Amino acid sequence: MENRRCKILPTMLFMSLFILTSMFSPSLVIVESLITPSTSNGYVNEESVLETYIVLLKQPEGELFTESKDLESWYRSFLPADTLNSNQPRLLHCYRHVVTGFAAKLTADEAKAMEMREELLLARPQRMVPLHTTHTPSFLGLQQNLGFWKSSNYGVGVIIGVVDTGIAPDHPSFSGKGMPPPPAKWKGKCEFNATLCNNKLIGLRKFDATSNDMLDRDQHGTHTASTAAGSLVKGANLFGQANGTAIGMAPLAHLAMYKVSALDNKAGESEILAAMDAAIDDGVDVLSLSLGLGSHPFYDDAIATGAFAATQKGIFVSCSAGNKGPLYGTLSNEAPWILTVGASTVDREIRATVLLGNNKELNGESLIQPKHFTSSSLPLVYASCKNGSLKNVDVKGKIVFCEGGSETVSKGKEVKRNGGAAMIVMNYEYQGSVIVLDSEHHVLPASRVSYMVGSAIKAYINSTSSPTATILFKGTVTGVPAAPQVAWFSSRGPSIASPGILKPDIIGPGVNILAAYPVSDDHTTNRFGMISGTSMSCPHLSGIAALLKSAHPNWSPAAIKSAIMTTASLYNLAGKPIPEQRKYRPAIVFDIGAGHVNPSRASDPGLIYDLKPDDYVPYLCGLGYSDKHVGLIVKRKVKCSNDSSIPETQLNYPSFSIELGSTPQIYSRTITNVGKPNSVYSLHISSPKGVRVKVTPHRISFSRLNQKATYSVTFTRSGNARRSFAQGYLKWVADGYSVGSPIAVLFK
């Protein structure tokens with residue numbers, strides 16, 4: 001849903017952006033276990049207790065069991081005779097395709113007695129499988145009945161309004177089972193058919209002029225809504241991969257869908273404003289918008305003005321940053337009262353490993369995992385894979401290596417049409433190491449590889465007269481240590497509309513996200529789809545904001561944003577700085593903002609940088625907006641000459657973004673204690689290269705909750721500033737707390 005047009009950059013930032021682009025542009029993994037222990041040793045030893053046992057068997061020779069009833073009869077023969085007529089069903093599941101065996105309620109003695117049967121391979125108590133959604137709750141540290149999920153009560157009582165392309169109300173992700181009724185304040189309605197709504201999906205309203213229903217024909221709104229607050233759905237997967245339990249970030253929060261059109265992947269501003277207006281009137285607590293226009297002055301930005309009105313009502317607004325990366329200065333939704341969300345990878349891959357003839361294994365990915373692809377090496381050829389390009393090329397029975405990570409399905413059709421056995425597709429250089437699997441439903445065995453891996457395969461092909469390879473399909477793998485990485489498509493800062501505000505604010509999961517889909521993407525009854533984009537990262541943060549709202553109902557939108565930003569992580573699972581994957585270097589603040597969201601820490605941030613709606617008026621005046629333009633945003637008469645106009649960077653924001661010349665600059669911040677009543681915070685500063693940073697005071701003491709304190713920061717250019725850009729970090733540290741603020745400096 002992102003608008004992908006580039007805007008002409010203002011002159012004041014053009015050179016900085018040019019240099020940023022020149023500086024930074026391109027140019028122990030654990031296989032996911034299907035079963036995990038439910039206790040420390042995984043077993044319960046009480047012999048008399050009935051437990052669910054998994055019984056795996058060796059099929060008798062010559063027995064085909066063509067009829068299901070015959071197979072079930074054989075399975076029942078393993079059960080104790082005195083249980084066959086029991087009132088309590090013992091045989092729970094008869095497996096036919098996945099394994100030969102069954103699940104049954106048994107005691108330990110009964111299971112041991114089965115060892116007398118020679119067909120028995122294994123009988124053991126089942127282990128409890130931990131929840132896996134789009135996998136992101138687990139990746140983000142959210143665990144059922146523990147920690148932040150438990151303390152926030154899973155977002156109960158909070159209403160998330162989603163402005164998007166519609167929804168599939170009958171999807172199990174929107175089941176109202178186990179949901180409490182909506183709060184008494186709710187004034188929304190269910191248009192068209194009241195029976196489509198329930199205690200989960202409490203509102204359906206249409207603002208799309210091109211349709212007369214709530215159907216999600218663009219297959220976007222269903223996905224984003226379920227990511228934010230979908231109910232628990234077991235057995236979610238796509239083509240059998242990423243298998244687990246689908247669940248949204250705030251699974252007990254309520255949802256309301258405000259449908260806008262998506263003709264040519266765009267929605268009208270009038271529809272968006274009407275939808276936001278209705279959401280405010282209905283009483284939502286969080287607004288989630290996975291769409292955007294690019295950079296505009298805030299008074300000329302429908303989403304910015306609508307979001308300010310929401311903020312005035314205490315509604316938190318989360319928006320996608322845009323999909324125009326990896327170019328800098330390409331953000332949408334830059335207003336400081338909006339949480340601007342960039343995209344990152346998760347620690348899951350769907351492996352399709354390339355095994356070269358020199359025995360080197362290079363990891364790639366593929367949603368389609370053939371079960372019987374040859375493990376023997378095949379001839380490997382490098383060829384153009386465009387339509388018609390292989391007509392006179394001998395690729396029969398060979399693996400074809402293709403450059404250019406776009407139109408992969410059409411490339412595969414060309415390879416298959418000409419007799420190719422398999423295909424390897426290499427990312428473009430600007431796509432780096434992040435592999436996007438959206439809609440890559442390959443027509444033949446294939447592996448999508450990163451630019452670096454592709455370069456290594458090319459080098460191998462050129463090093464020998466008879467290159468060979470095969471593809472090893474390893475399925476779903478989790479615990480990838482390089483995660484999170486910044487997605488190549490995620491729009492970057494600096495902000496054009498307001499360079500004094502560092503954007504994006506945060507990054508969150510947005511690559512290969514599995515969530516609810518209005519149709520079956522793999523032609524089964526399992527309606528889940530895998531999509532990538534900042535459209536996917538945005539609802540993750542919307543759901544996390546709902547959890548924070550539930551845990552801290554009196555926090556303002558600015559307080560929630562501050563908690564998310566100041567507790568963000570700067571490191572991946574391997575303990576290294578989050579990488580920007582094109583040049584395999586640490587990401588900069590214009591890539592990641594404050595860092596990667598860390599929900600559990602956000603619930604207890606220690607300090608917050610708070611703002612009231614009226615605090616934005618002097619900021620807007622400081623942008624040089626006319627009284628009329630400022631009044632348009634804040635919906636009241638404003639005279640900037642009578643208000644205390646402030647520089648952009650003086651806004652009480654949880655980060656710093658400055659343009660620094662020869663004159664020192666001084667800014668202040670006010671922090672509020674929401675941690676421990678009696679606490680002392682000490683300053684930890686990592687100064688940007690070429691900048692002297694002086695903070696006064698360097699130690700702040702609090703004696704009560706909600707106590708405020710103010711500090712000032714002086715930035716002075718030093719003689720060793722050799723680049724046009726530098727970054728650093730300012731942290732206030734106390735026992736159990738680290739409150740971080742990134743610093744971005746563009747030298748004039």
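We count from 1, first residue shown onward.
Glycine too: its Cβ is placed from the backbone N, Cα and C atoms.
Owing to the predicted nature of the structure, the values given are computational and were not obtained by experimental measurement.
Here is what TrEMBL records for this protein:
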type     : residues : note
TRANSMEM : 12-31    : transmembrane segment
DOMAIN   : 52-132   : domain 'Inhibitor I9'
DOMAIN   : 156-574  : domain 'Peptidase S8/S53'
ACT_SITE : D164     : active site, charge relay system
ACT_SITE : H220     : active site, charge relay system
DOMAIN   : 378-457  : domain 'PA'
ACT_SITE : S535     : active site, charge relay system
DOMAIN   : 650-745  : domain 'Subtilisin-like protease fibronectin type-III'
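Mapped onto this structure are the features recorded in TrEMBL.
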| residue | record | CB count, 10 Å |
| --- | --- | --- |
| D164 | active site, charge relay system | 28 |
| H220 | active site, charge relay system | 25 |
| S535 | active site, charge relay system | 29 |
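In terms of DSSP helix, strand and coil, the domain 'PA' (378-457) has 20 helix, 19 strand, 41 coil. The separation of H220 (active site, charge relay system) from D164 (active site, charge relay system), Cα to Cα, is 7 Å. As a whole-number mean, the pLDDT of the domain 'Peptidase S8/S53' (156-574) in this prediction is 93.
Taking the Cα atom of each, S535 (active site, charge relay system) and H220 (active site, charge relay system) are about 9 angstrom apart.
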